[in-house]
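Colleague: My structure is below; once you've seen it, I'll send some questions.
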Amino acid sequence: MAVCARLCGVGQSGGCRRRQQRKGAGNGPELEDEEEEDEVRIEAEVIGGQAAEAPRRPRSLLHLPPEILVEIFSSLPGTELPSLAQVCRKFRQILTTDTIWKRRCKQEYGVCENLRKLEVTGVSCRDVYVKRINPRVKSGRFMKILPDYEHMEYRDIYTCLLHQYRHILGLWQPDIGPYGGLLNVVVDGLFIIGWMYLPPHDPHVDEAMRLKPVFRIHLMERNDATVECMYGHKGPHNGQIQIVKKDEFSTKCIQTDYHRMSGGRQEEFRTWLREDLGRTLEDIFHEHMQELILMKFIYICQYDNCLTYRRIYHPPSRPDDLLNPGFFKGTYGSHGLEIVMLSFHGTIAKVTKITGDPNVPAGQQTLEVDLTRPVQLPDVEHLRNFDEMSRLILDVQAQIHREQRQTGNEEDDGRGAGPDKAEHSQQPAPVLRPANEDANKVDGGDGEEQKPPNVQSFVLPTGVMARNEEYPRSCKMCFYGTGLIAGHGFSSPERTPGLFILFDEDRFGFIWLELKSFSLYSRMRDRFQQSEAPSVEAFEEMLQNMQSWTT
C-alpha cells in the first residue's frame, strides 16, 4: 500500500500539497475528480541527474491496462485494499473486480471452491450440503437451505465471513470443567467450521482421531454471516458466536430443543455412550467405571447450550529435540483415552493434558521427563522383574534427592561450592545415547537376532497393568520422569516417579511405578493450520494459564 501511494504521488509529498494549494486559491469541490487523476501521476525517473525521456510509456498508474492493475492489486493483502480504494475513483472501480478477492480468499485462507461452479451444478451443491452441513441427509430438500451463491461474490466471502471471523481460526480448548477438549476452527471451502477432536475408542490408541462438527459459519445471503450450532441429531440450527476478549470466544445455541431426543435423557445417554465412547451399557461391568462415565455425561450436558473456548498453540520445535513435539493420544486406565501435548523446555520434556478427568483435569502437567537422567534397561529376563525395574527408577530418584539436599545445604551455609564440587557441577549433562549392543540381543539360541545399535528389546514387567498388549517390543531410549496423580476432584496431587520410554518418532510410553500401570501414547497425525505460537514466551505463558483454567 505504501509503495502504491508513493507511485501515485499521494501524501504530503505529492497530491495532498497540490490539493491544499488549490483549495487555498479558492478552487471549489467541482474539481475533485480532476485532482484525483492528478494525484496518481508518476514522477519522471531521474537518471544521471537528467530526466529520462519515455514518451510512449504510461506516466501514471491510471494509464496502465486494467488487467495489469488487477494483477497488482491482487498481490496486496486484503486488509490494505479498502485504503487503496480511497485513492481515486478508478481504483475503487477496479477493486470491484471479483478476481482480486478470489485470489485473496485463496492465498490468505485457502479457499479453492468456485462460486460460479456451485451456482450452476446442483451436484456440487448437494456435495457441499452432505459433506459440511448435514451428513445424514437422504431427501432432496437440501436446496432450500443452501446459501444463495448465485448473487454472491468473493468480496462478500472475504469481508463478511473470512475477515470478520479470522480471530477464531486455530486451536482452542473448551471450558468443560476437568474434561477439556481440542477444537480446531478452520476454513473448509466456503464455510468456517469448528471441529471437535475426539480420541479413538479405548484402547485403540493407534487409530485415527474422530472429528465432530460443533458449529459452522457461512453466508446465506450477501453481507450476512450465519452462525449455526451443530449439536444434536436434528441438523444445524441457530447459534451465536461472541468474541469475549483476545484469545477467547464463546458459542451459544439459540434452539436447544434440537439437542433433545424423543426418548429423553436415557436415549441421549445411550447414543452418547455409543458414539463418543464406542460402548453400550452392557459393556460396562465395573461400578466405578459406570460412575465415571455417568458423571462425565451429566457434566457435558450442562454445557451443550453455551461454551467458552480459550486459544492454545502447537508447541514450538527445535532441531535438537528428542522427537518432534506435538499432540498425542494416550491411555489413562479407567478414564479411557485422553489427548496430551508434548513440549520441550531445555533438558526437560513436559506432557500437558488437553483433555482430562476428575482426578487430574485438563491443563495439568501429567508427565515431566528429565532428559539428563537416561536409564539403562537390563536384558529382557531381568526387565520382566518389577523389583528390578523399581530399583532402577528409585536409584535415580535417590540420587536427585541427594543432589537437591547438597545444593540446599550449600545455600543455607552461605558458601559457594568448593573447587571439586564446582568442577562436578559444571560437568555437561549426560549424553543422550541408546542402549549398548549387549542389551540389544533377543534370546533365540543360535539364531539370535541382532537389533540395530540404537534399539533395544522392551517388555513390561510382570504385574504392570496395560490397557492392551499391543505395545512396541523395542525402544530407543529411556529416561527418569515423574507423573502427576491425585484423588477425586484433584485432591492431594503429588508427583510420583516413573520411567519414560521412547519407542519411535510417533510413540512413547510411561510406567507409573506407584500405580503399577503403563500408559501408551501415539501421535496425532492431523495437521493444524494457524496454530503456531507467536513466540516461545507466548507458549510458556499459555502453559501457565492452562493450569489455572481448571483448578
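Here the Cβ of each residue, glycine as well, is placed from N, Cα and C on the backbone.
Per Swiss-Prot, region 'Disordered' is recorded for 12-38, 402-459. Summarising the annotation, Swiss-Prot assigns domain 'F-box' to 58-104. The annotation Zn(2+) binding site is assigned in Swiss-Prot to CYS229, HIS237, CYS253, HIS259. The annotation compositional bias 'Basic and acidic residues' is assigned in Swiss-Prot to 414-424, 435-451.
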Colleague: Per DSSP, what is the helix/strand/coil residue tally across the domain 'F-box' (58-104)?
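Modeller: Its residues divide into 33 helix, 1 strand, 13 coil.
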Colleague: In the three-state scheme derived from DSSP, which category covers CYS253 (Zn(2+) binding site)?
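Modeller: In the DSSP reduction, CYS253 (Zn(2+) binding site) maps to strand.
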Colleague: When you average the Cβ positions of CYS229, HIS237, CYS253, HIS259 for the Zn(2+) site, which other residues in that chain have a Cβ within 8 Å of that mean position?
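Modeller: Close Cβ neighbours, site residues excluded: MET230, TYR231, GLY232, ASN238, GLY239, ILE254, GLN255, THR256, TYR258, ASP304, ASN305.
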Colleague: Could you check what DSSP calls HIS259 (Zn(2+) binding site) once collapsed to helix, strand or coil?
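Modeller: Reduced to three states, the DSSP call for HIS259 (Zn(2+) binding site) is helix.
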Colleague: If you draw a 10 Å sphere on the Cβ of CYS253 (Zn(2+) binding site), how many other Cβ atoms land inside?
Modeller: 23
Colleague: Within 10 angstroms of the C-beta of HIS259 (Zn(2+) binding site), what count of other C-beta atoms is obtained when all protein chains are considered?
Modeller: 17
Colleague: Can you tell which of CYS229, HIS237 has the least company, meaning the fewest other C-beta atoms within 10 angstroms of its C-beta, among these binding-site residues?
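Modeller: Ranked by other Cβ atoms within 10 Å, the binding-site residues CYS229, HIS237 bottom out at HIS237.
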